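Student: I am attaching a structure below and will ask some questions about it afterwards.
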């Protein structure tokens, strides 16, 4: 799969010549109309010979993705230059399918820009829990190798019992009972303990948002039945722990089988290849919290609208339609299932009614996991409706950070919006688990529904494992207190970025929170490393780092 190819490139296992040779071999076999099994064998042999991953993962990944990839490649032929140019620097043509632009008609009539609401003494506040990237691993094994990345033919997911022929060395870092801060997902017991802690400790929650990804990172072994069972199990646990609290979810890319595979309705063979089974599963599970009309939206495009409070519209949008690994999208990238057009219509409706809007979703449009065309249009939509959109909440990266939007995509221009990107519950990779609670001006007529503060909670798994006790959760930081921010407006977040460029102590604190105090990296005195972190905060539009960060 292309995910494995990209990993190999990062690990210097594939250069331009090798990549081109592999793609030429695939094209030749397809031109000769060889059976798909022959192409599978060629890819599996290349994967194993190049030591990209273990034989099991190579074979399973090819089996998982082959049918989808062949379907797409037969209809959109990538030359070796085009395909390798995606992954290998200075290899291939500048025509990159990840960066295809398309334009969506965005209605004019933008109202005069209103100042960002500054609420010093709110009449009432609401407390909202944000969970993201839970990634429960049902096969997590206490005592297995947690630090498996340096092993020959290592797997992409550690803390599991793999065959001795793969992991025959003595275990050097045994997986702990409550999880391990390596490339591991969390055992179910840790998720369960976290939900119990939250339900017993935070009695003032008004509602909960969950921004996708419930499955473990063993994407080579995904099946529809396993995914359905996991969604049902986690949803029931959430309902049991929070029976009287509304929960609003968005779909993650790991819910797809194969991962990210979510074809739009306009695609050929949608009836047999489309994600109807997945969308129906989510609709059934989420129906305990959302309206029948919203259920229809989930069944069609895994997106919907709800009203947590009078005057506040919550829009859950499926951003897997912008995923670079949703290969079906390459057949036609233009607004899959009319999702962005639907978003515009909902925002126009709210603008006319004077409503405020919160957007919840999985993939931030500023992450290079999101296709450039989608990100470009989404950025313009947020600008057009900046008076209406009060907040945006995302996950996917597993890290604790944010992104700022700038007028005319100019980092020296007016900051007009930002993304909250919440840290993950999973430890994958090298993170302590985390959750976040927002204090929001809301719950009364005329409320701004702006976020007043964001409190991030975490735990120390090394301590929990050493003491053989449930993880102890604690407040890691309040955004306003930790960063000395007067409010959480776009301007304040932009000012924070400027300070992070020059203030070593502040950057050190940001970097600590980024990994929840779990990962040591000498980044403060490394200009390239520091620039990478700061650049991400500026670039809320994918594949635009050079533009947004030219002065760093």
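Using N, Cα and C of the backbone, Cβ positions are placed for all residues, glycine too.
TrEMBL: automatically predicted annotations, no manual curation.
Okay, so TrEMBL annotates it like this:
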- 12-95: domain 'Saposin B-type' (DOMAIN)
- 16-91: disulfide bond (DISULFID)
- 19-84: disulfide bond (DISULFID)
- 47-58: disulfide bond (DISULFID)
- 133, 135, 213, 398: Zn(2+) 1 binding site (BINDING)
- 148-158: disulfide bond (DISULFID)
- 159-184: disulfide bond (DISULFID)
- 213, 253, 362, 396: Zn(2+) 2 binding site (BINDING)
- 322-370: disulfide bond (DISULFID)
- 535-549: disulfide bond (DISULFID)
Student: Please report the DSSP secondary structure of residue 58 (disulfide bond), reduced to three states.
Tutor: helix
Student: Secondary structure at residue 535 (disulfide bond) (DSSP, helix/strand/coil)?
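Tutor: Once the DSSP labels are grouped into three classes, residue 535 (disulfide bond) ends up as helix.
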Student: Per DSSP, residue 370 (disulfide bond) is which: helix, strand or coil?
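Tutor: Its secondary structure by DSSP: strand.
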Student: Identify which of the disulfide-bonded residues 84, 184 has its Cβ surrounded by the largest number of other Cβ atoms within 10 Å, counting every protein chain shown.
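Tutor: Comparing the disulfide-bonded residues 84, 184, the most crowded Cβ belongs to 184.
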Student: For the Zn(2+) 1 site given as 133, 135, 213, 398, which other residues of the same chain have their Cβ within 8 Å of the site's Cβ centre?
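Tutor: In sequence order, the nearby non-listed residues are 132, 134, 185, 212, 252, 254, 395, 396, 424, 425, 426, 428.
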Student: Ranked by the number of other Cβ atoms within 10 Å of their own Cβ, which of the disulfide-bonded residues 16, 159, 370, 535 ranks first?
Tutor: 159
Student: If you compare CA-to-CA distances from residue 370 (disulfide bond) to each of the disulfide-bonded residues 16, 84, 91, 148, 159, which comes out shortest?
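Tutor: Of the disulfide-bonded residues 16, 84, 91, 148, 159, 84 has its Cα closest to that of residue 370 (disulfide bond).
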Student: Look at the disulfide-bonded residues 47, 322, 549 and tell me which residue has the greatest number of other C-beta atoms within 10 angstroms of its C-beta.
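Tutor: Sorting the candidates by Cβ neighbours within 10 Å, the top entry is 322.
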Student: What is the one among the binding-site residues 135, 362, 396, 398 whose Cβ has the most other Cβ atoms less than or equal to 10 Å away?
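Tutor: In terms of Cβ crowding, the pick is 362.
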Student: Using C-alpha atoms only, work out the spacing between residue 396 (Zn(2+) 2 binding site) and residue 549 (disulfide bond) and round it to an integer in Å.
Tutor: 22
Student: Which one of these disulfide-bonded residues has the most other Cβ atoms within 10 Å of its own Cβ: 19, 158?
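Tutor: Of the disulfide-bonded residues 19, 158, the most buried by Cβ count within 10 Å is 158.
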